[in-house]
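Copied over from Swiss-Prot:
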- 1-20: signal peptide (SIGNAL)
- Asp34, Asp35, Ser72, Asp329, Asn330: Ca(2+) binding site (BINDING)
- Ser72: 3-oxoalanine (Ser) (MOD_RES)
- His134: active site (ACT_SITE)
Amino acid sequence: MNKKAMAAAVSMILAGGAHAAQQERPNVIVIIADDMGYSDISPFGGEIPTPNLQAMAEQGMRMSQYYTSPMSAPARSMLLTGNSNQQAGMGGMWWYDSTIGKEGYELRLTDRVTTMAERFKDAGYNTLMAGKWHLGFVPGATPKERGFNHAFAFMGGGTSHFNDAIPLGTVEAFHTYYTRDGERVSLPDDFYSSEAYARQMNSWIKATPKEQPVFAWLAFTAPHDPLQAPDEWIKRFKGQYEQGYAEVYRQRIARLKALGIIHDDTPLPHLELDKEWEALTPEQQKYTAKVMQVYAAMIANMDAQIGTLMETLKQTGRDKNTLLVFLTDNGANPAQGFYYESTPEFWKQFDNSYDNVGRKGSFVSYGPHWANVSNAPYANYHKTTSAQGGINTDFMISGPGITRHGKIDASTMAVYDVAPTLYEFAGIDPNKSLAKKPVLPMIGVSFKRYLTGEVQEPPRGNYGVELHHQAAWVDGEWKLRRLVPRGLTAGDAPWQLFNLHDDPLETHDVAAEHPDRVKAMSEAYEAFAKRTMVTKAQGKMIDYVGIDSKTGRYLAVDPATMKPVPAPQAIPVSEIH
């Protein structure tokens, strides 16, 4: 099926969903992109052709002020549970002296919370998962143990997209593996991540009895680095980015204005993209353009796989009653590669020559300048930060009851609102006890009645998030943020204040002009932090490189020296709850 025909099929599926019988339980599909920038896809101003996502946007709603976490695993934990990342157990991507051994920092899903998979399974849904997990790889935290009937899971945070499954770096190696229904599996020669995840999901949906509803979690690893795509997809974008950073950025800004996401009088961040491009030699420009070409190919390929999913829904008669959510975990990744705490020897295995960029055996990242383009209108601050560019990401929803087709809504919505929203659409009681002991109540609120137009006032007025002492508190048009530089010891920084109505791109800190507001908002944030189990990051950074099979303890190391941290400071798996 060609792209136009596929997009037309998607449009028919999504339009039909709006007319499904309300008493029939909807299928629910959550699709996640990994490290994707705010304006990469066409529904949010991107030049990369994404016809299937565009059709979804036109038949559903876009939330332009959707807030998430600065990084992947914490965001996924909030999404899957409706709780804060600390409540879920993912208070960090690593530890500090002050957080290791503390509740909220187990670095895996705990039984303090209930997952969407567990609740949908209890309600009779066939619960399916394909793609990135990143929520724990110790007993009790795997997809099968957290509610999925079937799961084809990449367990770690990132890997190469072909069948060689090379880890992101030295310390990532121990959780770089795939499982199918809990058993480790090898990958076929023709494996490419996005295609394999969609193919497996399509197969499971087709095998599900027609009378049984489906809850599907399709978590692409695209476009997370290393940037890789099949040759035929890379060729489609040949020459497209040789105009350089600034021109692509300007075109995206113009489209964002046309969509109404920003306005003509919106203050823009200071960038020198023309200067940065002109500082490159012609050979460097050609190489850098090729890297972005690969990135675009990854997103276009992902969209095509979403199209195959839509076709499967049509073939199985589920097209008129499927609630579809698309989002990304965090902002664009500005890293330039050769990081992830790896040894120099690790990087010697890659062939990053021009001809091999994007192919198996290469490892490239697009760096801060393309990240500024990818994340437009946000710039300078991206993934890992509490700036808008780190936590304000794409969100779309379509299906039964979503009637405001094509609308872009600027109401504040939180990542932990997704679970309660989907529960209400499916008629699931989120307070029903599924465990032997009580779990924490969700902090998210349902947007169901707002999304269907039953009420006109959005249910959320504020949003809080914390990760590694990066913090943000959004209250209406005001935002308080703390930007902490990343290093081998925990940092600190004063609060900054921004008026998102006048300055949505955070170009002018007005904290000094509004001390009373800073005080009130910081007190509100501290109350949120206390309620959601936040422990302030202090002291040295501590990473983990595996699990000791003899003692059942995490193998914790000092990343500055890669020497083990004394065993008493590590967390016994048996004590994690």
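Note that Cβ sites are derived from N, Cα and C of the backbone, with glycine treated the same way.
Calculated from their C-alpha atoms, the gap between Asn330 (Ca(2+) binding site) and the residue listed as 'active site' amounts to 14 Å. Rounded to a whole number, the distance between the Cα atoms of the residue listed as 'active site' and Asp329 (Ca(2+) binding site) is 12 Å. Counted within 10 Å of its Cβ, the other Cβ atoms near Asp34 (Ca(2+) binding site) come to 25, all protein chains included. Take the mean position of the Cβ atoms of Asp34, Asp35, Ser72, Asp329, Asn330, the recorded Ca(2+) site; other residues of that chain with a Cβ within 8 Å of it are Ile32, Ala33, Met36, Met71, Ala75, His224, Thr328, Asn333, Lys383. A distance of 8 Å separates the Cα atom of the residue listed as 'active site' from that of Ser72 (Ca(2+) binding site). In three-state terms derived from DSSP, Asn330 (Ca(2+) binding site) belongs to neither a helical nor a strand segment and is classed as coil. Taking the Cβ of Asp329 (Ca(2+) binding site) as centre and 10 Å as the limit, one finds 27 other Cβ atoms among all the protein chains shown. For His134 (active site), the number of other Cβ atoms no farther than 10 Å from its own Cβ, over all displayed protein chains, is 26. Neighbour count (other Cβ atoms within 10 Å of the Cβ, all protein chains): 24 for Asp35 (Ca(2+) binding site).
In the three-state DSSP scheme, the residue listed as 'active site' falls into the coil class.
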